[in-house]
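Colleague: What follows is a structure written as structure tokens; I'll ask about it next.
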């Protein structure tokens, strides 16, 4: 039975005898034969070549990477090599075998000499265990079998699922805190004086929302919007933002401890990826010379310029979304449909959010197929696959980050602050004026944008992520069925090779590539960004992330086990550069939430009013809410005669010559009041205080929680001591 255990399968079209492709294929297979590989050919609608590595390759691997003591073992030690290691070693040799034409497998696949190369899903006990305990929906709330995942897919995949499981577990606490924040806003802060004043402002006439044929409007019309705003914009939000800053740090520190424990249990704590890469190169070619480290400031500068150009393109797309919102707002307010004109601002925000989601989907497709990222590795010339993967990770994360967050950054920090004022609006192309903030603040716009994007990403994107591979697998299975042999009269049907059905079944599965796991990481890290950076504006983000991850874990498991070919196992002792990316996001989360509370939220203006301008500062009103009068105080007056000449408003309320708008400006010359500068100073002071306190707490938490548990440290210490004691036994004592 052993001779039928094949390490890899190569698939090729049936080429004409003597054709260039057939000659190239033969040359490659001959090179494998010279290295001692066994090759089995099966012909169907395609040509299938099973390859099995000789035993001495794995003996070399063990000799090069094991301890000196273990090198005395006999040549049958190769049998103890795990299947994941066999696949990894064979994959490396296949990828680095060079033909007489100086072509590797990658080049031959580009030229369509070979169509596919993959390891096999085999009928192993461990595979059945994973199918039963992991890759099915009914075990969605059960613990993942991480050890079995490692034995089948390798350490890198197992670490991904261990990290995702750990992140999902800790999201429970963040989700509960977010729910508590929203519940507090809906109950304790629901009777907010600010929203009450907006609902009672039946006589407060506001300036029109557009220039042509828009009427003045009454502030109390936005009562519902104000209540929603103050459900998420209250004192509890500040506490929640601080909690999330601490949570992000604790999550990463606890993961470092978990990783150290896992790496020690898997005997990977001292594993060196570079040493393994060199060993595999020498196994493949004993004359191999190591590729030296290189660095070029010219190449690095070119990479930086290209990256900045791509970021500028993404910012340009965000500007296009801003233009859409401004134009949509103008069109909706002038619409004859009552629903559109009455809720123009909300509809403009929601359609803008949907358009932003569509932009994210399109740019993700563009990123995966083309773009300057494709040739950046050639500029950088990474020495190893790991370096290439790290460089790729940083650039693609930046691409996706700006794609997802550029529009959110505008809404959070610029919307309503660069639009000018009545009589002197800032306009796009001199025609459409920029949006204004709602009288109760802009934080609800950010809330709606985040809610729409997260919900769409977690429904439509996840459904497509599962359905596309499923449909693709069904179509491949239907199209690539084995051809039927015609049975001649009086001729017995030839017995089918037992390998043939297995190889065909694996070939019909969806293709995987070297960055398949990268895409899974990227998806969750972008989600982590949504969960932390602007969470002050959307406290329900951790809850949505928790629900998504519980589904995501098992959806990924089903895809890997049932819909995709087997992924080439890779060794790893941590999640790589993703840890640095997560730490950077944690720092951005502190800055982002500080800015949201200081700039987007009305928290600071309300506090300044309470302690400097409210009735409480003049008299001792113990029974009065100190925010009484805040709304009137935050509105500025505008004289109708100062409208721009081309502004045409409907004649309602024309008897009054003074209308109002949200800002802190003088009534005579429309310059900023002293209160505006007081609020500006308070915002700046809060931002500095919040960020310094949060960063200090993060540093204290990082110091307080050791990265490596004492148990692991002591275990490593004992192993070192034992190893030195064994070495000491072989030392010949000096005779005195």
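Quick reminder: no glycine exception, Cβ is built from N, Cα and C everywhere.
Dumping what TrEMBL says about this protein:
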DOMAIN    84-146  domain 'Anoctamin dimerisation'
DOMAIN    149-718  domain 'Anoctamin transmembrane'
TRANSMEM  157-186  transmembrane segment
TRANSMEM  236-255  transmembrane segment
TRANSMEM  302-327  transmembrane segment
TRANSMEM  347-366  transmembrane segment
TRANSMEM  396-415  transmembrane segment
TRANSMEM  525-554  transmembrane segment
TRANSMEM  575-599  transmembrane segment
TRANSMEM  680-705  transmembrane segment
Colleague: What else in the chain is close to the transmembrane segment (396-415), if you only count residues 6 or more beyond its ends and a Cβ gap under 8 Å?
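Modeller: Contacts of the transmembrane segment (396-415) (Cβ under 8 Å, skipping residues fewer than 6 from its ends): 307, 310-311, 314-315, 317-318, 321-322, 352, 356, 359-360, 363-364, 367, 371, 373, 435, 437, 442, 445-446, 449-450, 453, 518, 522, 525-526, 529-530, 533-534, 537, 581, 592, 595-596, 599-600.
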Colleague: Out of 302-327, 347-366, 525-554, 575-599, which stretch has the largest tally of CB pairs under 8 angstroms to the transmembrane segment (157-186)?
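Modeller: Stretch with the highest Cβ contact count: 525-554.
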Colleague: Answer with yes or no whether the transmembrane segment (575-599) touches the transmembrane segment (525-554) by the criterion of at least three Cβ pairs under 8 A, sequence separation 6 or more.
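Modeller: With 3 or more qualifying Cβ pairs, these stretches touch.
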